[in-house]
Structures are given as C-alpha cells and as structure tokens.
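Peer 1: Here's a structure for you.
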Amino acid sequence: MQISEEQLIQEALKAKERAYCPYSNFRVGCSLLTKTNKIYTGCNVENASYGLCVCAERVAICKAVSEGDRQISTIVVSCDTDEPTFPCGMCRQTIIEFCYAGNDIKIIAIGKDQTKPKYSKGSEVIPFAFVPKDLNVDPQLENK
C-alpha cells in the first residue's frame, strides 16, 4: 500500500509532539519515507550542552540508516512557525548525502497552518554541496 503525503505529514506532526526542547521551545518533528515504503520519524532533542543537540531530520535519517534503510524518497519537516521552515544547514548536508545516482529526495516543510506546505528537493536546498563523489567515494547507499 502506497503511503500518502498526508500520512507523512501526520507522522511528522506526531513526532513534533515528542520533541525535547526545554531551552529553545522550538519544536520540530520529521517523518521520512524510504523506497521500501517504510516511515521513520524523529524529533529534535536538545541538551544543556548546546553542541550536543540533535535535529529531528538527522534523528529520522539515523533511525532509517541504523535499520539498513538508506534509500530515502521523501522528508516532511514540521515546525510551529507561521511559515514552513526548511531544514538547517547540517540537516541539509545530511539529506544531500542520501541524494545519489539520480535519487533526489522530495522535501516538504509545514508550519502551524498545515494547509500551506512548501516543497523543495534535496538538490535545491544546498547548491554546490559537498558530496561523496568529491572524495572519490562510491557511498554504497543500497539497503543493507
């Protein structure tokens, strides 16, 4: 059964409710869909040592990769902002790592008003990205 965009949005909203953000109060939830039709979710997890904070997008990607699922097709990011907010630079670079061999990840950003999502692609959110081929590496992104 095909996963709908609306299902992914709902999963990102649920993940946002689990955010641990006592310092910024900036809740973020993420859901991603893989080519195997599985959904992985993540929320931001803050820490008193700010450098240890982890973004929702990277949590979801790490969960997928740790389960052997590396072929990401869509990512939804949910924030409590008036306008949809796209991933930060570190998350964009992480997303780019999984845009390979013609696979371009669809990115959907939603704010408080979930009826006005904004769309982009991994290849658009960080032009001139540093990617595995710059290191002469074949990242072996097929599922393990």
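Glycine residues also receive a Cβ, built from the backbone N, Cα and C atoms like all the rest.
Relevant sequence annotations retrieved from TrEMBL are reproduced here:
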type	residues	note
ACT_SITE	E57	active site, proton donor
BINDING	N44, V45, E46, N47, A48, S49, Y50	substrate binding site
BINDING	C55, C88, C91	Zn(2+) binding site
DOMAIN	3-133	domain 'CMP/dCMP-type deaminase'
Peer 1: Counting other Cβ atoms within 10 Å, pick out the least crowded of the binding-site residues V45, A48.
Peer 2: A48
Peer 1: What's the CA to CA span in angstrom from A48 (substrate binding site) over to C88 (Zn(2+) binding site)?
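Peer 2: Answer for this pair: 20 Å between alpha carbons.
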Peer 1: CB neighbours of N47 (substrate binding site) within 10 A?
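Peer 2: Its Cβ shell of radius 10 Å holds 12 other Cβ atoms.
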Peer 1: For the domain 'CMP/dCMP-type deaminase' (3-133), what is the mean per-residue pLDDT, to the nearest integer?
Peer 2: 93
Peer 1: When a 10 Å sphere is centred on the Cβ of E46 (substrate binding site), how many other Cβ atoms does it contain?
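Peer 2: E46 (substrate binding site): 18 neighbouring Cβ atoms within 10 Å.
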Peer 1: Of the binding-site residues listed here (N44, E46, N47), which is spatially closest to C91 (Zn(2+) binding site) when Cα positions are compared?
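Peer 2: Nearest by Cα distance to C91 (Zn(2+) binding site): N44.
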Peer 1: Give the sequence-ordered set of same-chain residues, not counting N44, V45, E46, N47, A48, S49, Y50, with Cβ within 8 Å of the centre of the Cβ atoms defining the substrate site.
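Peer 2: The answer, listed by sequence position, is Y20, Y23, L52, C53, V54.
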Peer 1: Could you give the Cα-Cα distance between S49 (substrate binding site) and E57 (active site, proton donor), in whole Å?
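Peer 2: Checking the Cα atoms of S49 (substrate binding site) and E57 (active site, proton donor) gives a distance of 20 Å.
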Peer 1: Considering the binding-site residues C55, C88, C91, which residue's Cβ sits among the greatest number of other Cβ atoms within 10 Å?
Peer 2: C91
Peer 1: Could you give the Cα-Cα distance between C88 (Zn(2+) binding site) and N47 (substrate binding site), in whole Å?
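Peer 2: C88 (Zn(2+) binding site) and N47 (substrate binding site) have their Cα atoms 17 Å apart.
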Peer 1: Please work out the number of neighbouring Cβ atoms within 10 Å of the Cβ of N44 (substrate binding site), leaving out its own Cβ.
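Peer 2: For N44 (substrate binding site), the 10 Å Cβ neighbour count is 24.
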Peer 1: Name the one residue among N44, V45, E46, N47 whose Cα is closest in three-dimensional space to that of C55 (Zn(2+) binding site); these are the binding-site residues.
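Peer 2: Answer for the nearest of the binding-site residues: N44.
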Peer 1: Quick one: of N44, E46, Y50, which binding-site residues lie within 10 angstroms of E57 (active site, proton donor), measuring between C-alpha atoms? Sequence order, please.
Peer 2: N44
